[in-house]
Amino acid sequence: MTALTPKCGQFFQNFKESKMDKIKQLFANNYSWAQRMKEENSTYFKELADHQTPHYLWIGCSDSRVSAEKLTNLEPGELFVHRNVANQVIHTDFNCLSVVQYAVDVLKIEHIIICGHTNCGGIHAAMADKDLGLINNWLLHIRDIWFKHGHLLGKLSPEKRADMLTKINVAEQVYNLGQTSIVKSAWERGQKLSLHGWVYDVNDGFLVDQGVMATSRETLEISYRNAIARLSILDEENILKKDHLENT
């Protein structure tokens, strides 16, 4: 084995220290935050430790730019969160379903929000249809949506296509959520529970309600169909605008 030269050894030492400095910064940030919260409210952590009473379950994307508490300006204890690549609700994903069950049956949450976002890496990866290894199994669910709604997506430019697929994906995931035994059982026993579909625009920081909202099995069907119909109209308008620009 070749020994490291002093210069090479110093490089790796500096690299290691740089990495550790980043980790130490997290602890420093945490200390400052905890101190600030106690200064603002001396009983803050005691109250938080006793119980959590969130009104919302947020099912969002794992993307680091989409921090649910930050963009909704909520504090710890106010938002129950589950995140995965491209905010999927898959009926064989026991991680997601366990979160939903705890939120609905134990925490008695009244609102579940499924939030996608623009420029989503998961959406773009699904559209690219490349061999990405293990995650391809996950992306297949998004590709199924792509094929299902190919008539809406095929004529759009790649940029608009990704945004449209993001919106359609949100509607599909709200529908999937409403089809789970957890949500259907809650509605059947008269529990107050609303499902919402939103998209977060990373370009300006605003949340956009996609108009897919359900409070029962009946409203789920109607809201889903209406949401897809609205996207179809939007798709046709975009195509007409494109044709007009190309012909002028």
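Glycine is no exception: its Cβ is also placed from the backbone N, Cα and C atoms.
Under the heading Zn(2+) binding site, TrEMBL lists C61, D63, H117, C120. DSSP classifies C120 (Zn(2+) binding site) as coil under the three-state reduction.
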For Zn(2+), residues beyond C61, D63, H117, C120 with C-beta within 8 angstroms of the site's Cβ centre include exactly G60, S62, R65, V66, A86, N87, G116, T118, N119, G121, G122, I123, T166, Y200, V202
For C120 (Zn(2+) binding site), write down the residues of its own chain that are at least 6 apart in sequence and whose Cβ falls under 8 Å from its Cβ; none is a fine answer.
-> C61, D63, A86, A162, T166
With a 10 Å radius around each C-beta, find which of these binding-site residues (C61, D63, H117) has the fewest other C-beta atoms nearby.
-> D63
